[in-house]
Amino acid sequence: MPEAVPFNKHFPVSWEELHRNAKALAWRLIDKGPWKGIVAVTRGGLVPAAIIARELELRLIDTVCVSSYDHQNQREAMVLKGVEASGAGDGEGWLIIDDLVDTGKTAVIVRKMLPKAHFATVYAKPAGRPLVDTFITEVSQDTWIHFPWDIELQFSQPIAKQHRGS
Ligand SMILES: O=P(O)(O)OC[C@H]1O[C@H](OP(=O)(O)OP(=O)(O)O)[C@H](O)[C@@H]1O
Ligand SMILES: Nc1nc2[nH]cnc2c(=O)[nH]1
Ligand SMILES: [Mg+2]
């Protein structure tokens, strides 16, 4: 595995921004369909998958449940649940939706389960980018993305102070 990159930068995402970017992803995906359904990668893929399901009028939704981070620390990936009764088969005509790809480890696992599915994320970092078929926004490898469900409003240090401290 490549050496872990420290997260020097922070990229907070608001609900509005996430909604807008997930809708932008739906616009990119509409012409690549038709789609039979969505497999959301829990938990991060659940909110983007809900927005995309609404926009593409898809009602058949399944989940794969993968966990590989304790906050910012990556550990061995655990598959808690695979694709079940949805009939996704080899993934032909299906979308896999996750919030982001970072190292690409989760993407490799999910792609093995559904090799013909179209893998789409809202955000991508360079190491994971080759594993995604469609994404919206790229951020650098040393950036940690903070999703709206993980954060709350609070005082923020000026960038100059954060930079001196890093
Ligand atoms: O490309 P990778 O290095 O594998 O990282 C990307 C994965 O990490 C996060 O999930 P996490 O395992 O933290 O679980 P969560 O979705 O439940 O927060 C994120 O939602 C992606 O699924
Ligand atoms: N929230 C969040 N989860 C991740 N999992 C892997 N990389 C990230 C990231 O940048 N932000
Ligand atoms: Mg996840």
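Each residue, glycine too, has its Cβ placed from N, Cα and C.
Bear in mind that TrEMBL entries carry predicted annotations, made automatically and left uncurated.
Here's what TrEMBL has on this protein:
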- ARG43, GLY44, ARG75, ASP98, ASP99, LEU100, VAL101, ASP102, THR103, GLY104, LYS105, THR106: 5-phospho-alpha-D-ribose 1-diphosphate binding site (BINDING)
- ARG75, ASP102, THR103, GLY104, LYS105, THR106, TRP144, ILE145: GMP binding site (BINDING)
- ASP99: Mg(2+) binding site (BINDING)
- ASP102, ILE145: guanine binding site (BINDING)
- ASP102, ILE145: xanthine binding site (BINDING)
- 14-155: domain 'Phosphoribosyltransferase' (DOMAIN)
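In this structure, of the binding-site residues VAL101, ILE145, the smallest number of CB atoms within 10 A of the CB marks ILE145. For the pair formed by THR106 (GMP binding site) and ASP99 (5-phospho-alpha-D-ribose 1-diphosphate binding site), distance between Cα atoms is given as 11 Å, rounded to the nearest Å.
In this entry, GMP is bound by ARG75, ASP102, THR103, GLY104, LYS105, THR106, TRP144, ILE145, whose most widely separated C-alpha atoms sit 18 angstrom apart. Recorded residues ARG43 (5-phospho-alpha-D-ribose 1-diphosphate binding site) and ILE145 (GMP binding site) have their alpha carbons 15 Å apart, per Cα-Cα distance. Candidate binding-site residues: ASP102, LYS105, ILE145. Those with a Cβ under 6 Å from ligand 1, in sequence order, are ASP102, LYS105.
Across the domain 'Phosphoribosyltransferase' (14-155), DSSP assigns 42 helix, 49 strand, 51 coil.
Here the C-alpha separation of THR103 (5-phospho-alpha-D-ribose 1-diphosphate binding site) and TRP144 (GMP binding site) works out to 12 Å.
The Cβ of TRP144 (GMP binding site) has PHE7, LYS9, HIS10, PHE11, GLN72 as same-chain neighbours under 8 Å, each 6 or more residues away in sequence. In this view, THR103 (5-phospho-alpha-D-ribose 1-diphosphate binding site) is surrounded by 19 other Cβ atoms within 10 Å of its Cβ, with every protein chain counted. You'll find the Cα of ASP99 (5-phospho-alpha-D-ribose 1-diphosphate binding site) roughly 10 Å from the Cα of ILE145 (GMP binding site). Cβ neighbours of ASP102 (GMP binding site) (same chain, under 8 Å, six or more residues apart in sequence): LYS125, ALA127, GLY128, GLN141.
Taking a Cβ cut-off of under 6 Å from any atom of ligand 2, the binding-site residues ASP99, GLY104, LYS105, TRP144 reduce to TRP144. Maximum intra-site Cα distance, 5-phospho-alpha-D-ribose 1-diphosphate binding residues ARG43, GLY44, ARG75, ASP98, ASP99, LEU100, VAL101, ASP102, THR103, GLY104, LYS105, THR106: 19 Å.
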